[in-house]
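Per TrEMBL, the features are as follows:
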- A:20-42: transmembrane segment (TRANSMEM)
- A:63-84: transmembrane segment (TRANSMEM)
- A:96-119: transmembrane segment (TRANSMEM)
- A:131-155: transmembrane segment (TRANSMEM)
- A:186-209: transmembrane segment (TRANSMEM)
- A:221-240: transmembrane segment (TRANSMEM)
- A:319-345: transmembrane segment (TRANSMEM)
- A:357-379: transmembrane segment (TRANSMEM)
- A:404-426: transmembrane segment (TRANSMEM)
Amino acid sequence: MFGIENDPVLLSRLLTALTLGFHVIFATIGVGVPLMIAIAEWMGIKRNDPHYTLMARRWARGFVVTVAVGVVTGTAIGLQLSLLWPNFMQAAGHTIGLPLFMEIFAFFFEAIFLGIYLYTWDRFKSKMRHFLLIIPVVIGASASAFFITTANAFMNFPQGFDMANGVIANVSPLEAMFNPATPTKVSHVIITCYLTAAFILGTIAAIHLLKGSKHEYHKKALKLTMVSGAVFAIATAVIGDLSGKYLHEYQPEKLAAAEWHFETETHAPLILGGVLTEDNEVKYALEIPYALSILAGGLPDSEVVGLNEFPEDELPPLWVHYAFDMMVFIGMYLAFVSTLFAVMSWKKNWNPYNKPLLIMVAAGGPLSMVAIEAGWIFAEVGRQPWLINGIMRVEEGATTSDHVGLMLALFIVLYTILGVTCAVVLRRMFKQNPVEHELEKRGIEQPKRVSNE
Amino acid sequence: MSYELIGITVLWIFLYGYLIVASIDFGAGFFSYYSRITKKKHALHHIIQRYLSPVWEVTNVFLVFFFVGIIGFFPDTAYYYGTALLIPGSISIILLALRGSYYAFATYGAKDSHLYSLLYGATGLLIPASLTTVLTISEGGYLAVDNGNVTLLYGELFTSPYSWGVVFLAVFSVLFISAAFLTYYAAKAKDQQALEVVRKYALSWAFPTITMAFIVFFLLGERNELHFSNMMDLWWMFALSLASFAASVWLIWKRQNYGLAFIFVMVQFFTAFFAYGASHLPYLLYPYLTIYDGFTNESMAIALIAAFIGGLLMLIPSLYLLMRLFLFDAEYLEGRK
Ligand code: HDD
Ligand code: HEM
Ligand code: HEM
């Protein structure tokens with residue numbers, strides 16, 4: 001079938017993409033949601049409003065289930081990197097062993113405090129003490145994203161070592177970690193985790209309101225998530241722009257592939273959508289004049305390097321254009337929706353809880369996850385054919401084992417089972433214990449009586 | 001001490017940590033399933049949940065720490081073990097993934113089902129069996145290396161008495177360690193009913209464990225003479241191990257001081273595990289790879305050791321807090337919190 005059975009390189013790529021693509025769903029939630037929990041718990045204390053405290057509590061309860069899948073898929077990718085890319089890990093061990101090692105410490109730290117946080121809700125007299133326990137979780141989660149992303153940044157811009165006759169020498173681990181790709185990559189990844197978490201929780205609140213609930217709790221949740229979402233979305237766009245400038249300077253072939261930009265020129269237009277013909281002509285696309293030059297260099301007359309400058313066999317596949325467009329489009333959409341919501345709820349007399357806006361918010365959660373996937377696919381496929389940019393090609397890093405195909409099949413089954421069960425469990429958890437019910441049970445609200453009693 | 005030795009010692013300590021905490025977890029899964037099918041569920045379920053829920057994630061990190069750390073300190077292991085272990089490694093990943101996620105689904109999703117419990121029990125025995133293949137392979141003779149291609153000899157692996165011996169030793173040890181810990185935990189929680197059950201488990205798995213340990217010891221003699229004779233040089237550590245074993249069983253038998261008994265179990269495994277590890281050196285994989293030729297560069301080694309020390313300074317107080325809240329807090333243990 002498909003003639004790929006015995007190509008360990010291709011199969012390893014597929015399996016890596018599958019595991020990472022699945023892991024990143026839970027990893028993103030894992031990095032972003034603790035921050036949202038912390039914000040909600042803090043609001044609960046500051047405003048002395050039990051709704052927010054309950055929000056933190058319910059989010060945390062859902063969070064543990066997703067963390068579990070994050071942990072097991074993370075363990076899978078950690079082992080799989082050695083199993084599928086033994087030569088890469090052999091080289092990487094010499095250069096980026098440090099951030100990988102430190103990532104585990106960050107997890108350790110996070111795991112310990114998460115365990116404590118979850119089981120101590122009513123154990124301390126002071127609410128502040130309990131709030132303080134979520135801080136190490138937020139720090140640990142973001143730190144782990146930081147470390148793993150520096151490893152990925154190294155793959156994009158390797159530095160901090162010398163290569164002499166195929167042997168790595170004079171290694172400087174810190175220089176390898178803090179390479180030119182690190183600032184934009186790390187900040188973009190972390191901020192988009194926050195953004196996605198805000199939107200996913202916003203989606204849940206919006207769906208409750210759309211289904212007819214009028215409860216104050218959901219309105220508060222929506223407002224909290226959308227106002228923070230607006231901040232994160234704007235920051236995402238700004239840092240995304242800086243990421244474009246990084247690419248322009250250090251990985252121009254990736255940017256050119258994203259933009260189907262063939263001739264080196266100034267005043268380059270940004271191309272949205274479209275199709276590419278046999279002889280590399282762009283059709284049916286929307287062109288924004290000068291926008292690519294501005295994205296790349298900040299000014300309309302910045303010169304943008306084109307694909308024709310590079311050897312044919314060192315170019316990434318050009319379909320990454322669509323992944324890039326999708327990410328940018330969704331980014332704009334999220335910024336628009338959350339800002340609109342924030343403005344409407346800030347103005348008196350305007351009702352932000354109208355149906356069209358709620359529907360737009362509800363779409364935001366799934367879309368932001370699509371943007372995460374699209375962004376990573378663009379970033380990783382856009383690095384092809386290099387595994388470590390300019391140093392090691394993908395074929396050189398892969399395993400030579402003949403059994404990767406079988407493993408791919410096994411893991412497809414595994415992730416299907418995990419994904420489905422996770423969704424079912426989460427649904428059941430919250431269906432069985434709706435907010436109204438829990439508010440009564442905890443004595444925050446009186447049971448509702450029939451009104452004309 | 002050379003960097004190589006520091007590196008391998010650090011990793012071995014974490015692997016020992018995993019051996020203890022994971023054994024408790026794996027065995028607990030099995031006992032909880034077993035007690036379910038023998039209708040003693042109510043007796044055990046409670047203490048197992050109380051202990052495991054806050055710590056299961058921490059357990060997993062010990063393992064991750066080891067396999068990420070070994071790539072950092074000894075990058076060449078990725079090449080040899082990575083290529084050869086694709087299938088057993090992937091199977092371990094799948095078992096770990098099922099176990100971890102289904103534990104969380106059952107506990108937090110608050111649905112008690114027979115399937116979850118079976119998965120949790122079965123993986124508890126299969127994971128140690130699959131993970132120990134790595135130690136078996138490290139003894140040499142299970143890999144073929146020809147011009148850069150590493151393959152695992154499955155026929156050899158599945159037919160050698162040594163590799164089966166190691167599997168049984170691992171499973172029995174898991175059950176023994178776990179039962180000894182739960183005995184202590186039940187006693188602290190003042191749960192008489194559970195205590196009677198787990199104490200009996202501890203005593204009944206003690207004998208199979210030690211017997212298997214002797215059998216594996218002599219099977220290794222046939223498999224790898226060099227390693228065996230190095231082990232003989234460290235005979236006093238194994239003797240210490242045996243004495244600790246005897247002390248722990250005696251205490252549990254006499255119903256005295258279960259805490260001390262569990263400490264003796266830890267000493268028993270510590271001495272045996274470190275004697276095994278020390279006599280294995282300098283080889284990481286007989287006869288291809290030693291800690292000296294597989295070692296990372298010096299600046300990475302220094303950076304890793306520095307990171308390790310920094311990390312420990314952060315972890316030890318946090319772990320202490322975790323233990324104080326869930327392991328040594330009498331009110332929590334007795335279920336009053
Ligand atoms: C919610 C997710 C999300 C959203 C809305 C955006 N991004 Fe993004 N982007 C990511 C999620 C993401 C990511 C998944 O986090 C990536 C993949 C790899 C990486 O470093 O971050 C990424 C990578 C990435 C890269 C490649 C960096 C590299 O390969 O080194 C660029 C140039 C941009 N982004 C630019 C943007 C722009 C101009 C956006 C406009 C608003 C934008 N992103 C929105
Ligand atoms: C978690 C977010 C990530 C996602 C979703 C992701 C996605 C992908 C995808 C889609 C590919 C396949 C590219 C292709 O074959 O054309 C890939 C390849 C790969 N990625 Fe990533 N990646 C992520 C982060 C990372 C990080 C942090 C590392 C390293 C530490 C990494 C290491 C690799 C390796 C080794 C390959 C295989 C070689 C290659 O195809 O270039 N990835 N990833
Ligand atoms: C090649 C890339 C990656 C590797 C090797 C990796 C490794 C791991 C490992 C080993 C775990 C489990 C840790 C534990 O046992 O507690 C994990 C979980 C996790 N990973 Fe990944 N990861 C990768 C990519 C990413 C990326 C790109 C992110 C973030 C942007 C990320 C964030 C997380 C988070 C948040 C968790 C959950 C941990 C927890 O909450 O305890 N990972 N990852």
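Backbone N, Cα and C define each Cβ position, glycine as well.
Just so you know, TrEMBL annotations never went through curation; they're auto-generated.
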Next on the checklist: Would you say the transmembrane segment (A:404-426) and the transmembrane segment (A:357-379) are in contact under the rule of three or more C-beta pairs closer than 8 Å, pairs 6 or more apart in sequence?
Outcome noted: no
Checklist entry - Which range out of A:20-42, A:63-84, A:96-119, A:186-209, A:221-240 gives the transmembrane segment (A:319-345) the most CB pairs under 8 Å? => result A:221-240
Next on the checklist: Pairs of Cβ atoms less than 8 Å apart decide it: which stretch in A:20-42, A:131-155, A:186-209, A:221-240, A:404-426 has the most with the transmembrane segment (A:96-119)?
Outcome noted: A:131-155
Next on the checklist: Can the transmembrane segment (A:186-209) be said to touch the transmembrane segment (A:404-426) if we require at least 3 CB pairs below 8 Å and skip pairs under 6 apart in sequence?
Outcome noted: no
Checklist entry - Restricting to the same chain and to residues at least six past its boundaries, which positions have a Cβ under 8 Å from a Cβ of the transmembrane segment (A:20-42)? => result 52-53, 55-56, 59-60, 63, 66-67, 69-70, 73-74, 76-77, 130-131, 134-135, 137-138, 141-142, 144-145, 190, 192-198, 200-201, 224-225, 228, 369, 372-373, 376-377, 380, 415, 419
